[in-house]
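Q: I have a structure I would like to understand better, so I am pasting it below and will then ask my questions one at a time.
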Amino acid sequence: MLKFIIPTIMLMPLTWLSKNNLIWINSTAHSLLISFSSLLLLNQLNDNSLNYSLMFFSDPLSTPLLILTMWLLPLMLMASQSHLIKEPPVRKKLYITMLITLQALLIMTFTATELILFYIMFEATLIPTLIIITRWGNQTERLNAGLYFLFYTLVGSLPLLVALVYLQNTTGSLNFLLLQHWAQPLSTSWSNIFMWLACMMAFLVKMPLYGLYLWLPKAHVEAPIAGSMVLAAVLLKLGGYGMLRITSMLNPLTEHMAYPFLMLSLWGMIMTSSICLRQTDLKSLIAYSSVSHMALVIAAILIQTPWSYMGATALMIAHGLTSSMLFCLANSNYERIHSRTMILPGGLQVFLPLMASWWLLASLTNLALPPTINLIGELLVVMSVFSWSNPTILLMGTNIVITALYSLYMLIMTQRGKHTHHINNITPSFTREHALMALHIIPLLLLSLNPKIILGPLY
């Protein structure tokens, strides 16, 4: 595992020692090398996990998320270049250092064997993200967003620490690999119920569950582009990853406890999709669509069948790439028009035809068009939820229709219609932006050809 962690950390001296005109070239090129080398992890055998040491391991659940994390760093660097163009070199280097720190922490989060190490890294990812949001965000509202983000996640995850200390005292170890074999079946006593809640709350806030999601649209809207990308693509997946890891230790209590949360997420899925139809703010719409997609993942994980686990992992990876791409597209609009309102850039298709085709591709993957990986994930989740309880097909069907509606609404509002005069002298799109979109969509299309590599450990 060190072959990814050490090069990532060594990107920092590289950035600080680069000449001012080579900062972006060096950091992007070398982070791309790291992300290409991480693809070798897909080569491992499906039936077992790789134990690198006592600290780190990877199995078919964490490997796709690891690769997604490493794949995103060069993309974030590519996306951030134009909005940092007026900053002094020291600030650019600081910004890149924050992103690199975040990637190193995320790699350690996804490969930790020890629950306490996982918890520390899980919490540590807050710090760089918070700095990125509150320092480089666009409006002054960003401080409020940072506060929401910090307090929601901290209050949610403090009980988890208490639960972990309790687990350590009762079982003597917090190793993932051992606990799965040692865990005593939990009875339905009040103390166990509270422990279950303590374990799950941190991840449900991070996902986020309907009702605990208020920090997400705020953080997304105020964050700079790299903040939005990493938040949508990887930080939300931390919640799903943690839930997948920890539910195996909390059986058979989960079967008793899951009902209210299942209902909440199935209902919240429709509510947040409906909120999307009323949005005027482009970034806010994409943020709410993230909430509704993640609600599907929560439902899938709480049902705990092999099918739903496979659907959850596929949906997490697919959503990571898709929402990140949508944020990049929204950002390229924002840099030209300097507004996130969807009505203003109407008719952009005439001016930026290639960008319009990226918009079309991104919207179609977001609404889970066959044969994309999004559809595979959604189908697996819908089938497993349907076999758990038949009436849920009404909720699921409604959600799929609303998702299609708001995706097409977003596409039509930004690309079609009559263009207004204020976008007549718009700057053309850069090759850098097209490369960025291509690097998002190519993995999605390739995964559609071979989805089995991201279906998790139960495939």
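Keep in mind that glycine also has a Cβ here, set from the backbone N, Cα and C atoms.
Straight out of Swiss-Prot:
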- 22-42: transmembrane segment (TRANSMEM)
- 60-80: transmembrane segment (TRANSMEM)
- 92-112: transmembrane segment (TRANSMEM)
- 113-133: transmembrane segment (TRANSMEM)
- 147-167: transmembrane segment (TRANSMEM)
- 193-213: transmembrane segment (TRANSMEM)
- 224-244: transmembrane segment (TRANSMEM)
- 257-277: transmembrane segment (TRANSMEM)
- 284-303: transmembrane segment (TRANSMEM)
- 342-362: transmembrane segment (TRANSMEM)
- 393-413: transmembrane segment (TRANSMEM)
- 435-455: transmembrane segment (TRANSMEM)
Q: Counting a contact as 3 or more Cβ pairs under 8 Å, with residues at least 6 apart in sequence, do the transmembrane segment (224-244) and the transmembrane segment (193-213) touch?
A: yes
Q: Quick one: do the transmembrane segment (257-277) and the transmembrane segment (147-167) reach 3+ CB pairs under 8 Å, ignoring pairs fewer than 6 apart in sequence?
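A: No, the stretches stay apart by this measure.
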Q: Which stretch from 147-167, 193-213, 284-303, 342-362, 435-455 shares the most C-beta pairs under 8 Å with the transmembrane segment (393-413)?
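A: Per the Cβ under 8 Å count, 284-303.
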Q: Same chain only, please: residues at least 6 beyond the ends of the transmembrane segment (147-167) with a C-beta under 8 Å from a C-beta of the stretch. Say none if there are none.
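A: Answer is 115-116, 119, 122-123, 126, 129-130, 133, 174, 179, 195, 197-199, 201-202, 204-206, 208, 212, 214-215, 218-219, 249.
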Q: Report, as numbers and ranges, every residue of the chain located at least six residues beyond the transmembrane segment (22-42) whose Cβ falls under 8 Å of a Cβ in that stretch; write 'none' if there are none.
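A: For the transmembrane segment (22-42), the sequence-distant neighbours (Cβ-Cβ under 8 Å, at least 6 residues beyond its ends) are 3-4, 7-8, 11, 14-15, 58, 63, 66-67, 70-71, 73-74, 77-78, 81, 89, 92-93, 96, 100, 103, 453.
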